[in-house]
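Asker: Take a look at this one; I'll ask things after.
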Amino acid sequence: MKSKSQSQSDEAEGPDGGWGWVLVVAMFVSSSLVFGLMRSLGIFFVEFVQYFEESAQAISWISSTGLAAQQFFSPLAAALCNAYNPRVVVMTGGFLAGLGLTLASQSTCLVHLYLTMGVISGFGWGMVFTPMVATVMANFTRRRALALGLGFSSIGLSSFAFNPLFQLLVETYAWRGALLILGALSLNIVPCGALIRPQRRSKAPSCASMLRRIASYLELSLLTERPYLTYTLGVTLFNVGYFVPYFHLVAHSRQVGFSEYQAAFVMSAAGASDILGRVVSGWFSDLGHFRVVHLLTLWTGLAGVFIMLLPVSSMSGSYAALMVISLLYGFCSGALTSVVFAVVPMIVGVERTMGALGLLQLIESGAGLLGTPLSGKCALKLWLLSWFLTWVRSNPRGSAEPPPKKHECLEFEEKKKKLFFTKEGFSDCTYETGGVRYLQQG
């Protein structure tokens, strides 16, 4: 009798293992091909600025549209999973993610990239991420944060590996060939979705009943619950700046004078520390010494501090300083993601987790859409501040030589051109005269 009641209690809590660990592996791979890939798209940022001759703010809309689409369509994916089969939903999302990147390789203008990399791939990412996270959480109770930490650790690992890999692909096959390869790589999400055990469903319903069923699983009643709304607002606010370093830091590192591979390695280093942060945070939170919400507050605050220190560290021109801050930011950003989703079942219950995650992603999609372009708009101001401090440091008596005239820009050696965040009215080259870097105004 005792063993029977104990097994019933364990079953009520969740299996905490078994096939759940297989799903953790599937989540590990699919997360690397969603957010790991999304974090490494900064390599293409520089190529798009050069090829399309557009400003950083315009190029930023590509990545922000993809992020916003991923979050915006998450409630639909969650409702489809609750109403029908998460296996089919994830597999379809993997196909759409690969299709969008494949079509993006044939783009001739920015609008094409907005629709392909942004909307189509973003829609696919949304149909993959939330169902995989909810499926893993449904298979764990006591070790839920650790399971999520291990599954999410692939994001840091792929960030470490993808940045130099993407740089190599761009140099070898140009950006079109590189995107075509990424599209094929993204199709590996399909077999990850196939690892989700199919659920037994009744016979196929009519179209009207299908729509009613999907609507019933959207969990819109959560929008009337204060604890859930408060938590969602907090997550939305930090989501404004969470992805900014991953989209802009590579181009910013090249702008301040570091080489292409040095810039790529900055993000790779942040990805490596991200892995450690996710695993350590998941393990430590499962020990139960502190409340998960308090740990989330700690990691979020530290991540915000290191985001502010990233541009400051590059002003000195020290690669080591930029690397240290990137490592610290990577650790904290990884640590907070292991617990940010683990809090949701504590607020709404395990049975409503799928719908709650979908709504959370939908609400924070606005922050993901606006965060990166707004930071791109501020990039020129940060560059001018960095340039001014460089000028003051290297010319304490104001003995700088005057900047060259416009016709000298055309004669300037190609190898000394430095790309930076462009803006209407400014050219895309800088000049180094007497140790000072100048911005030529058009």
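Cβ coordinates are placed from backbone N, Cα and C, and glycine is handled just like the others.
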Asker: For the feature transmembrane segment as recorded in TrEMBL, pick the matching range from 88-105, 358-375.
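Answerer: Feature transmembrane segment in TrEMBL: residues 88-105.
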Asker: Can you name the far-off residues of the same chain, 6+ from the ends of the transmembrane segment (174-196), with a Cβ under 8 Å from a Cβ of it?
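Answerer: Beyond its ends, the transmembrane segment (174-196) has Cβ neighbours at 22-23, 25-27, 29-30, 33-34, 37, 44, 47-48, 51, 86-95, 97-106, 117, 121, 124, 128, 131-132, 135, 166.
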Asker: Report yes or no: does the transmembrane segment (228-249) come within contact of the transmembrane segment (319-344), defined as 3 or more CB pairs under 8 Å with a sequence separation of 6 or more?
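Answerer: Contact between the transmembrane segment (228-249) and the transmembrane segment (319-344): present.
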